[in-house]
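Per TrEMBL, the features are:
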- 30-219: domain 'TLC' (DOMAIN)
- 6-23: transmembrane segment (TRANSMEM)
- 156-178: transmembrane segment (TRANSMEM)
- 190-211: transmembrane segment (TRANSMEM)
């Protein structure tokens, strides 16, 4: 792995940690640990998608060239996200409830991205994966942020739920399987292929949970309207 990539990863961990402390201690000292961490996660989502878009080499085929050497811009983009994932993995262990599926997702993502940085290959595929996984994150976090701000069980919160479900489905259950297929069929290292498959399996599990959540929310909403 290139020295500048390692340094950028270390800087990224420190930067995201510093941002969390600033939000927690200065900006929103009365808000919960989870609220502050979700603000950091939202900031990373916007930055990650922006960097990923800027590092795409061919907009006529965003995942091309397949199995090729990563460009410096792609490696920098991935290094920033690895630093964030390390920060978030550690940060989540201090929250009230540690979720196993979230921990597995972090470990799979870190392993896959680090493998790509070590091999210095598959930059196009991993940048595309970054777009797919992070594009729904702001909507995911807005759901919980709205609840803490007092908008639980409101039309606004329901709209955030539906927007998250739609974007997650389009990105991870349509774009995700396609990206997994081209990653598995391209001449990529076996570890990269395994991580791509693992990430898609985690996404499938989350999709199942999201469908159940939306069905419950809509049925509850319908029942409350009928009672009125």
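Placement of Cβ uses the backbone N, Cα and C atoms for every residue, glycine included.
TrEMBL annotations: computationally assigned, not manually curated.
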Mind checking which residues of the chain, 6+ beyond the ends of the transmembrane segment (6-23), have their Cβ under 8 Å from one of its Cβ atoms?
36-37, 39-40, 43-44, 76, 79-84, 86-88, 91
Could you pull the average pLDDT for the domain 'TLC' (30-219)?
91
